[in-house]
Protein chains: 2
Amino acid sequence: MRILSASQFDGKRSVDSGTKEQQEAVKAILSDVRQRGDEALRDYTERFDRVRLEQFRVSEEEFAEAASQVSPEVRAALEEAAENIRDFHQRQVRQSWFSTKESGTLLGQIIRPLKRAGLYVPGGTAAYPSSVLMNAIPAKIAGVPEVVITTPPGRDGKINPAILVAAQIAGVKEIYKVGGAQAIAALTYGTEQIKAVDKIVGPGNIFVALAKREVFGLVSIDMVAGPSEIAVLADETANPRYIAADLLSQAEHDPMSAAILVTTSQAVAESVAQEVERQLAELPRKEIAEAAIRDFGAILVVNDLEEGFAAINRIAPEHLEIMIAEPFEHLGKVENAGAIFLGPYSSEPVGDYFAGTNHVIPTNGTARFSSPLSVDDFIKKSSVVSYSKQDLRENGHKIVALAEQEGLAAHGRAITERLRDFDREEQERDSK
Amino acid sequence: MRILSASQFDGKRSVDSGTKEQQEAVKAILSDVRQRGDEALRDYTERFDRVRLEQFRVSEEEFAEAASQVSPEVRAALEEAAENIRDFHQRQVRQSWFSTKESGTLLGQIIRPLKRAGLYVPGGTAAYPSSVLMNAIPAKIAGVPEVVITTPPGRDGKINPAILVAAQIAGVKEIYKVGGAQAIAALTYGTEQIKAVDKIVGPGNIFVALAKREVFGLVSIDMVAGPSEIAVLADETANPRYIAADLLSQAEHDPMSAAILVTTSQAVAESVAQEVERQLAELPRKEIAEAAIRDFGAILVVNDLEEGFAAINRIAPEHLEIMIAEPFEHLGKVENAGAIFLGPYSSEPVGDYFAGTNHVIPTNGTARFSSPLSVDDFIKKSSVVSYSKQDLRENGHKIVALAEQEGLAAHGRAITERLRDFDREEQERDSK
């Protein structure tokens, strides 16, 4: 693992916006599903997933079958994780509020859940039941009445049982066996069997990502996720074995995953480099992790913690571990990081699976302006204005002045239409 | 104005995604500004705004000159409006929170302002100082330290004075004379004179909208806004003059603006249709309003309020006025609406200019899943996990089970690396 000074590292990575061919393919799929509905879904599922399906929805029998195929240990761990995720996300729930004035005016903000949310769950070799929990539970806690999942079927036309068990634990009963850009199309436009949703969340391959970008605006989407990342900020008190293991836990995700150590200690830097080599050798996903460490891994040695935090804030990592003597004392120095793990026992997988925080976190430097998935992603707000007669009488002319200044006469006239009535009423009262 | 039954109306409008030529032009401008920086900005400003500028930033002298050109009445109204907007948005500010457990674990969510936000302000014939307040104040209240504005200059190289005065009232001092897609490029990539931002907000023409869509993901953007809309839900107690005036106040915005009345009263429907004709004749922006009413206006007569609310929720209007006998009693029936105005005196322009709620509101049915601009748009969240040794000892094996189930061995090993140490410690303790 290369050891650099902070100034030698810019950490910039590019966003994969796909090839022209991929973009065109996605557009064609979207428009085809929009026009032909389920029949198009059948064709694409046959082409990409090698199975032709009549019904897309997962049946009660399939749920029951899945339940028998997941070990009690995994089920219990998923259930406990779900409880923790519920507990954390419950704290994010916000209330509608109102503010009233003596003048009779009331202003407020109503918070309501979205009506229908669609969760994309990737298929293929790996199945991630933890992602089902992380995406579905915040929607459920927000109060979304209809949460649905789409996920590509295997060649046997089935879904990974752990996905179905996780869905059941999260309370999601409506699951469709459709993947890829065609699933995003179905969720956006609706088909005979799949009703359109208000928001699409969840990760996917480049076709899914491009399709989400394309339909953005017609439906709400969560974010365009990139490969996972971890940055560790460590001083001389940190344990190099822990750091190396945590770096590798993200490196194994994808050959483009980034794993970066920023440390004030040259000794820690060198030990971590050795430990990474040693631990790498033992990993089943060695090739992936090795490529990630080689191409996107780095150890930056900094002069002090200030310089360390500056480097971290430039990187704006998805996951940040702070392994220093007094992590809380320095927490306020973090400007940009999706999720922050403090101390030696907050290994990043604790957050991936169990602690209760969300593991859908902004990647690729977007923690500068984005946030982890939360209940906020499944609500919508409406402003409320109940303006009183007294306030309109007192302030109407100011509103008219502003409207006229902007050349929007009809805006002014909507107000004067009322003000004229007020004047007339007053005259009538006076003349009595 | 056409009078229909609710079933005759679908209210669907398409999103303007531009022509292929417009899309290509925008991509070319983005890439050119990215490469050539200010020099490209100069060229595009000369081509589109007919003026060549060396310095883009508005000077102190220009601010002072603008201050002398705005009437005291308008300035006072802007200042009072700004106070009301501040008061409303202050109530949206959220706090970071933590939750602690006896086991020593601490979980939390940190809320921080974005560092730098860019506000696009359209130029051209109309200048909208109210939009400056509505976009800049929530950013300021969120605590964004750097709020900047870009807006196209006139042929004389100047900015509309009301825009500058509104910026000053909102506390924005950094303003650049650049418009169009080139401004979005500058805010996204940065140039010599203009530093890149984390988020871009504010309305613009089709080139601005396409550019924002294109850079989405590199920076955060607010929304892709469409033409303004109003829907009024009225019973027999409503005043047809007020309804007509309010419908026209939105119709004057754009020939594609929608103005829709949903009413349980045939008499109100007919009176409003007449009133719209009468009031239309007197409007300075008659042509625009007339086209909007003709092409996108409608009066829907419904059998009862239930049917009325169902129609409203299908439309998901940007602005909704409820002019019925007991508006609060029925407020809970609104599922989809950006801003809700209750009663006869809550004329929509009250919200556009003065009450304090935000006038940047989701259009084109996107109130189904989007919300008015708010302080939430200028913050980012980070999760915090400080996991205790006790909790890791107790739950570590569950995390390992979940990681292994997903085939992510390195995730499990990051945990077992710690668990092994715990075991060793225990053995050492026991052997003493």
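Even glycines carry a Cβ here, placed using N, Cα and C.
Per TrEMBL, the range carrying the annotation region 'Disordered' out of B:1-21, B:43-63, B:358-378 is B:1-21. TrEMBL lists B:SER228, B:GLN250, B:HIS253, B:ASP352, B:GLU406, B:HIS411 as substrate-binding residues, and of the candidates B:HIS89, B:HIS319 the one it assigns to that same site is B:HIS319.
B:HIS411 (substrate binding site) sits 44 Å from B:TYR120 (NAD(+) binding site), taking the Cα positions as reference. Between the farthest pair of Cα atoms in the NAD(+) binding residues (B:TYR120, B:GLN182, B:ASN205), the distance is 12 Å. Within the same chain, residues at least 6 positions away in sequence whose Cβ sits under 8 Å from that of B:GLN182 (NAD(+) binding site) are B:ILE29, B:VAL33, B:ALA40, B:LEU41, B:TYR44, B:THR45, B:PHE48. In this structure the residues listed as binding substrate are B:SER228, B:GLN250, B:HIS253, B:HIS319, B:ASP352, B:GLU406, B:HIS411; their two most distant Cα atoms lie 56 Å apart. Ranked by CA distance from B:HIS319 (active site, proton acceptor), the binding-site residues B:TYR120, B:SER228, B:HIS253, B:GLU406 have B:SER228 at the top as the closest. Rounded to a whole number, the C-alpha distance linking B:GLN250 (substrate binding site) with B:GLU318 (active site, proton acceptor) is 10 angstrom.
Chain A lies within reach of B:ASP352, B:GLU406, B:HIS411, taking the recorded positions B:HIS319, B:ASP352, B:GLU406, B:HIS411 and requiring a CB-CB distance under 8 A. Those residues of the chain, other than B:TYR120, B:GLN182, B:ASN205, with a C-beta within 8 angstroms of the mean position of the NAD(+) site C-beta atoms are B:PRO122, B:THR150, B:PRO152, B:GLY179, B:GLY180, B:ALA181, B:ALA183, B:ILE184, B:GLY204, B:PHE207, B:VAL208, B:ALA211.
B:HIS253 (substrate binding site) sits 13 Å from B:ASN205 (NAD(+) binding site), taking the CA atoms of both as reference points.
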